[in-house]
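Here's the structure, in structure tokens; my notes come after.
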Amino acid sequence: MTSSSYTDIDTLAINTIRTLAVDTTAHAKSGHPGAPMGLAPAAHVLFSRIMKFNPAHPKWLNRDRFILSNGHACVLQYIMCHLLGYKLTIEDLKQFRQVGSKTPGHPETHNPDLNIETGAGPLGQGIASAVGLAIGKAHSAAVYNKPGFDLFSNYTFCFLGDGCLQEGVSSEACSLAGHLKLSNLIAVWDNNKITIDGATSMSFDEDVEKRFEAYGWNIVRVANGDTDLDGIEKGFREAMSCTDKPTLINLKTTIGYGSELQGTHSVHGSPLKPEDCVHVKKLFGFDPTKTFQVPPEVYAYYKERVAIASSAEEEYKKMYASYKQSYPDLSNQLERILSRKFPEGWEKHLPVYKPGDKAVATRKLSEIVLDALCPVLPELVGGSADLTPSNLTRWEGAADFQPPSSKLGTYAGRYIRYGIREHGMAGIMNGLAVYGPIIPYGGTFLNFVSYAAGAVRMAALNNSRVIYVATHDSIGLGEDGPTHQPIETFAHFRAMPNINCWRPADGNETSAAYYSALTSDSTPSILALTRQNLPQLENSTIENALKGGYVMLENKEADITLVGTGSEVSLCIDTVKTLETEYNLKARVVSLPCWEVFEQQPESYRLSVIPDGIPAMSVEVWATNGWRRYVHEAFGMHTFGDSGPAPKLYEKFHFTTSGVAQRAKKTVDAYKDIPYIRSPVRRAF
């Protein structure tokens, strides 16, 4: 019989995790005790024997990363944070799922003192982010590692459940991970065969192992994840020994292990009943009359294990000091990027345009920006969801990020071929954004950012600097028709907190959009870009556009303010002459490329742009939702588009000088008898 390195103290520690999961959810009268009870052995082995980390410095560079994709099991992560010595107390556990606590109902990134790399909640988002973290490591290692200096050698460990595997985003991300041969990625499948509805057999009976083998993953099996600690450790070690594939560990567990309801969906998403709490504590040798019990020897044991895990940081510091002497340029570059600073004068590389310059589509103007910035910002890592020739996201001289064995590129490459995987791309970029030395951007059609909305929302919630290059932004894309023409898309994202939604009207505004996106340290940005050519406008400057809105054409005697974005700004300018010749009306024109940035300006400035005294009317070939905060009347789209040449579509939907002028005339007439027209910018709150 083989002797085990695990003893009674390990069993006690695991059962402490389980009883804390019971008490934390019971105290909150809310939460998911089942998965934490089932995964307690795997978490114990991972953090006590496998991972390198340091609770005293949670963000040290070469730490192993842990992602809890089945985020409803977050009480497990909070308990481990407490036991391992992160800044999370028993009182914090007692505040689980309470307003303003360190322990919300799903993992969030707002507390840098914990080991939460990125938020997780909607199932599948965590594993997609884990793929991004793994790409981040592979790329950073290829760029910065040198013989004898493994600056980046960490693993990414991801716990995920049956629900994550059923979500489409996990398929997209894991398929790409297999293609990219991300051997530093280890996913642990909590194979307990239970979801909220009941047994997975009701809806999910595919062969997951064969599916992942088809993706190009290595498969490791652990038959008893409930008690076989040696088997669990062996599984991790075997996964770490694989050097050419990511690994899926098929860990068979019992949900709610120790509960009278173990192995059933009843223990998934509700606290245990009081009598069951007593049962669990008696079963594991704890006093059933007490709560939140942690034996002193368990604290002592984890302190000892943490000392071993954190020793890697001290060795790393010594290595980095030598690296800095040997490779000063690379170390200076890395330190600059990690400090979230840009090279001096980088903004001078932004293209600047003057009126009369050639009319160019803003997607092409975006490409010109990338051509200018990517050579001077090595932290920019781009890609596209198989629309590179349309999105124009690959800068001149770019090299692809590919496994070296593919002969298609190297891990040092900075352009990722995401394939037709919009949601996967966005989820992966969330991981890239938090790895460290990377600012990710990814391209697709604006309409298909809707496919990625779940991951975009997580970027906003996580305060991640991610850039979505969203081309073909309206009916102006033409013949592909309404399946590809966004109508309601931007209204959705404009309604989302903490995301900047840019729709530039010309070259200077496009440069401004990129400047804003890059310098918005904790906010993602969407850049909506045209397929059709747009003129370079008279009063457009980068400085003006960086205010989010500004006066493009002033007239102190104006009867109306026309407010446009993107391709409709030039239409508004052209309409001014039509209004004067046909209706004897004078108009001023405002460009409003980014509502969110405009909102950050003082009210006095916003009132100078959209003043009192005359009505304001918006012109935008999208749904009009949200415009009432800036204008009195909104001209937009109220149906889907159509298939045909872009000019014909603009005619059909009346986005012409005559169509805009007619509506402007009606707006002026509607407000002419109102003695004082108040700007919509003036709001009570």
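Glycine too: its Cβ is placed from the backbone N, Cα and C atoms.
Residues annotated as active site, proton donor in Swiss-Prot, with similarity to another entry given as evidence: GLU422. Secondary structure at GLU422 (active site, proton donor), taken from DSSP and collapsed to helix, strand or coil, is helix. Annotation for GLU422 (active site, proton donor): spatial neighbours ALA385, THR444, PHE448, VAL449, TYR451, ALA452, criterion Cβ-Cβ under 8 Å with sequence separation of six or more.
ASP480 (substrate binding site) carries neither a helix nor a strand DSSP state and counts as coil. According to Swiss-Prot, the substrate binding site annotation covers HIS32, HIS268, ARG363, SER390, HIS472, ASP480, ARG531, on the basis of similarity to another entry.
Within its own chain, HIS72 (thiamine diphosphate binding site) has HIS32, ALA35, GLY105, HIS106, GLY121, GLY269 as residues 6 or more apart in sequence whose C-beta sits under 8 angstroms from its own. The thiamine diphosphate binding site annotation in Swiss-Prot covers HIS72, GLY121, PRO122, LEU123, GLY163, ASN192, HIS268, GLU422, PHE448.
The Mg(2+) binding site annotation in Swiss-Prot covers ASP162, ASN192, ILE194. ILE194 (Mg(2+) binding site) falls within a strand when secondary structure is assigned with DSSP.
Summarising the environment of HIS32 (substrate binding site), the number of other Cβ atoms within 10 Å of its Cβ, over all protein chains shown, is 26. Taken from Swiss-Prot, the feature site 'Important for catalytic activity' applies to HIS32 (among others), supported by similarity to another entry.
According to Swiss-Prot, the site 'Important for catalytic activity' annotation covers HIS268 (among others), on the basis of similarity to another entry. DSSP gives HIS268 (substrate binding site) a coil state; it is part of no helix or strand.
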Residues close to Mg(2+) site centre defined by ASP162, ASN192, ILE194, Cβ within 8 Å: GLY161, ASP190, ASN191, LYS193, THR195, THR200, ILE255, HIS268
Nearest-integer angstrom distance between the alpha carbons (Cα) of ARG363 (substrate binding site) and PRO122 (thiamine diphosphate binding site): 31
Intrachain C-beta neighbours of ASP162 (Mg(2+) binding site), sequence separation six or more, cut-off 8 angstroms: TRP189, ASP190, ASN191, ASN192, LYS193, ILE194, THR195, THR200, PHE204
Between GLY163 (thiamine diphosphate binding site) and ASP480 (substrate binding site), the C-alpha gap once rounded to whole angstrom: 35
Candidate with sparsest Cβ neighbourhood (10 Å radius) among ASN192, SER390, the listed binding-site residues: SER390
Separation of alpha carbons, PRO122 (thiamine diphosphate binding site) and HIS268 (substrate binding site) (Å): 16
Residue, out of the binding-site residues HIS268, HIS472, whose Cβ gathers the largest set of other Cβ atoms within 10 Å: HIS472
Cβ neighbour count (within 10 Å, all chains shown) around PRO122 (thiamine diphosphate binding site): 19
